[in-house]
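Below is one structure; the comments refer to it alone.
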């Protein structure tokens with residue numbers, strides 16, 4: 001008996017070559033095993049037997065993507081049941097073949113392709129692709145073996161293609177692909193310094209990228225690359241100065257680069273010049289500087305600029321040489337800069353400070369000041385060219401060691417130096433600018449100073465001259481004596497002397513004495529100082545003795561009770577040895593003859609107990625001698641002179657240190673002898689003999705004379721008062737002119753009574769100045785004069 005068939009047979013694909021078959025055991029009866037197989041038509045493609053009570057079996061070795069009919073037989077003791085089946089059970093389709101998807105795509109519309117499965121069939125194909133974020137962008141089907149992807153620039157995708165058969169998908173055939181990023185836009189580049197270039201751009205207009213890579217290429221040799229993030233500029237450094245570069249910029253996304261963007265001919269700044277040779281100071285105003293080319297890179301040419309101390313740019317020049325001639329100004333300070341220039345770009349400057357020596361003064365002269373100016377030298381010059389701060393004048397004394405300095409402004413052209421007379425100086429005129437100086441020298445001596453304060457002491461045949469030594473330096477003195485403009489004496493004197501005796505001169509002769517200093521000037525010649533002049537006269541010899549009868553006329557003078565006046569006849573004393581300058585008048589009460597002693601002390605007459613004395617000193621004209629007289633002109637002899645003894649005058653002796661002489665009054669009724677001594681300008685006196693005795697007058701009774709005079713005065717006053725009173729009381733006109741009045745010598749007697757009070761009033765009016773003046777005008781004499789006119793002569797013959 002056949003076993004019952006299996007129930008509810010079903011099958012499902014497990015893979016491309018295997019189906020899983022499931023069923024339910026027969027509703028009744030027994031079974032030992034199950035025989036499971038698949039067929040395409042009558043052809044069996046797979047078979048398996050199982051005793052598995054799980055009622056499942058896998059049939060393998062099938063063809064992918066193929067429909068199979070599934071059969072299950074129940075076997076019981078070798079008896080096969082009726083067949084249970086399930087038709088059109090597909091296997092999973094096979095993978096697509098030859099999937100073509102390049103790893104990178106240059107555009108955002110990219111085609112992929114594949115070939116159908118190698119085994120079996122596919123109804124259509126499923127294409128899926130996801131970006132780097134894992135988000136599925138597309139899940140599409142197609143019955144074609146190619147597909148156009150819709151992607152983003154710079155994105156990375158995982159692309160999968162599956163074949164689909166009877167609703168079943170094969171395993172995917174996958175590829176990873178990256179879409180090329182877009183390049184940067186508006187690429188620009190410029191140098192920053194000698195070793196760096198700045199590159200800037202605009203980011204790609206769309207898409208994504210990971211980084212931007214910059215390549216710096218010089219002569220097609222990559223020398224540097226810089227990787228930056230999502231920025232719009234970058235600095236490429238460590239380049240070579242003065243070099244042309246090409247800049248390449250790439251956008252990178254998932255290691256895939258965009259098209260390269262290029263900018264050409266970008267230079268770096270040139271390097272500094274080397275070994276700039278510019279000495280710190282220059283002696284002239286045309287000065288060369290030099291340098292070496294840059295150590296690295298190149299330079300097309302060089303730019304030279306130099307500015308003065310004011311900051312004004314004087315020059316901005318270019319040269320393709322490595323040297324340059326500066327056109328500068330004397331005394332100026334410059335900042336000199338040299339730059340290398342490459343592709344229009346300048347290097348940093350190599351600079352030096354250059355100071356030009358100031359110009360020297362021109363036509364330097366030193367001159368002695370005009371006149372008797374011995375302590376100054378005038379220095380003159382022409383103004384130097386260029387610039388300067390000041391001019392220093394230093395001068396070093398040679399004859400007398402000294403060093404001095406003065407400063408004047410740069411525009412000044414003169415200076416006055418304070419110097420030592422007679423000293424020779426090395427004079428250096430220095431133009432000062434910026435600490436430098438240019439020197440010019442001249443040599444000049446100051447004028448010698450003249451000797452001063454000349455004092456002369458004459459003698460009969462010589463004059464001793466003393467002076468204050470000249471200031472400063474001298475080599476010697478020269479002293480010259482002239483008489484009547486003729487040189488009588490000349491002598492060189494040591495510079496150390498301050499006095500000299502001019503000898504062998506003529507007595508009583510006028511001399512003009514010149515003394516001056518001598519130095520040897522810078523030309524080797526003697527130079528004289530200004531001359532100091534003193535004029536003097538040698539002393540006269542003592543005058544000749546007067547004749548023996550010289551005093552005979554002295555006793556014929558006029559005597560009073562206390563005085564005596566006599567005359568010295570002309571030419572009593574000779575002037576052959578010089579003019580008379582002074583006279584001394586001697587007196588004595590001695591009756592002895594002879595002459596006064598002029599060799600001993602000359603005692604004044606107011607000194608008690610002297611036998612003979614000097615009453616007075618006069619000059620050559622008889623005037624009282626109170627000061628020493630100056631020199632006198634030569635004459636034949638003395639003039640006639642009148643001397644009065646006893647007039648009380650005070651006179652002064654011409655001898656230094658002598659006392660004052662008072663011409664005291666003579667004693668009345670006393671006999672005196674007189675004599676006269678003459679003095680020239682030496683110290684000797686020549687004297688006349690004593691005169692004969694002269695007698696002063698006996699005095700009168702003074703009391704009697706005074707009484708008579710007083711009585712006369714009273715009488716005259718009474719007469720005048722009575723006369724005026726009489727006139728006023730007569731009743732005549734009050735305005736009768738006084739000229740009509742007549743002075744009477746006697747008064748008429750009258751019996752008219754006199755009013756005492758009116759009389760006394762008239763008497764007092766007489767004392768009034770106006771009344772007295774009126775009488776004086778009328779009679780040309782004052783009342784007191786009338787008194788002496790009327791009474792005086794009659795009362796005493798001496799009056």
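Backbone N, Cα and C atoms are what each Cβ position is placed from, and that goes for glycine too.
Given the ranges 453-478, 479-504, 505-530, 531-556, the record in TrEMBL names 531-556 as region 'Disordered'. TrEMBL assigns the feature transmembrane segment to one of the listed ranges (702-726, 727-751, 752-776), namely 702-726. Residue counts for the domain 'Fibronectin type-III' (183-271) by DSSP state, with H, G and I taken as helix and E and B as strand, are 0 helix, 52 strand, 37 coil. Here the domain 'Fibronectin type-III' (5-94) has, by DSSP, the following mix of helix, strand and coil residues: 0 helix, 55 strand, 35 coil.
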